[in-house]
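The domain 'DUS-like FMN-binding' annotation in TrEMBL covers 9-258. According to TrEMBL, the FMN binding site annotation covers 11, 12, 13, 81, 149, 177, 232, 233. What TrEMBL records for 110 is active site, proton donor.
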């Protein structure tokens, strides 16, 4: 895995499942992060080969629910992002998936309560010794790259100091979201503070924040001095943002996502959540399409809604 001059799909909870990652890659994403998976959850799983669809599934014991699904097609570019607050447990989880992914990333930027309350995500930003313990434990025992994703701290100096400590653990790259923990998505990303980090490190820094058009990739590169860029909402709203020739109509992208979700037997709740996020940005959930998605109970309902019955028939027959 190389981290220079890359366009990267950001980790997004309930969105970054296999179909969406494959969709982004099809449109030009070089590296695709999966949604954050909590280490507690993964260590309760069994690894299984799903011969019907050709995937590798990590299935929770007892419930049978698929916690993480991947496939050989994305092995060289998919990053398994983990939520953790314990070095030993993180290593146990990472060793379970290390042969099926290109790299492992530790989430140190999620500000949501479910993550922070467990000492994970952004809660780690105030615990540099624990960060060091987790990253060095992984680095010493893993043969694939280890990275992490952080947010900005209260001052640029604090962010740079933490980034330097992270670099010393031997990670292969560092992703920096240009917002602080209290910031909301509507607050402008602070590209200048990402630039301070880039100027202070020798490892690749992946800049993240306020990339909504293909031209924004070059703008953030110039502003920060980095060569690699990560995009979240811009890709969610239209995954063809990675296309150099320009974005495709969102209806076309949306339908391709539905097709891939059917063929890869994606979780219906995840599929509906992603579709609703797309629709809310481009249209309204109060219109007939939005209401139909909300009422859908299965992938076959979505297949009928979007005229993908052939894809569903193919999935059933195979």
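Every residue, even glycine, has its Cβ placed from backbone N, Cα and C.
Heads up, TrEMBL stuff is auto-annotated, nobody curated it.
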Fewest other Cβ within 10 angstroms of its own Cβ, chosen from the recorded positions 12, 13, 110:
13
Please identify, from the binding-site residues 149, 177, 233, the residue with the sparsest Cβ neighbourhood, meaning fewest other Cβ atoms within 10 angstroms.
233
Taking all protein chains shown into account, the Cβ-based neighbour count within 10 Å for residue 232 (FMN binding site) is 21
Cα-Cα, whole number of Å: residue 149 (FMN binding site) versus residue 110 (active site, proton donor)?
9
Tally every other Cβ atom lying within 10 Å of the Cβ atom of residue 81 (FMN binding site).
26
Can you tell me how far the Cα of residue 13 (FMN binding site) sits from the Cα of residue 110 (active site, proton donor), in Å?
10
One should report the C-alpha separation between residue 232 (FMN binding site) and residue 110 (active site, proton donor), rounded to whole angstrom, as 13
Report the same-chain neighbours of residue 11 (FMN binding site): residues 6+ apart in sequence with Cβ closer than 8 Å to its Cβ, ordered by sequence.
33, 34, 35, 36, 79, 81, 105, 107, 149, 232
The domain 'DUS-like FMN-binding' (9-258): mean pLDDT?
96
Considering each pair of residues in 11, 12, 13, 81, 149, 177, 232, 233, all listed as binding FMN, report the largest CA to CA distance in Å, no decimals.
17
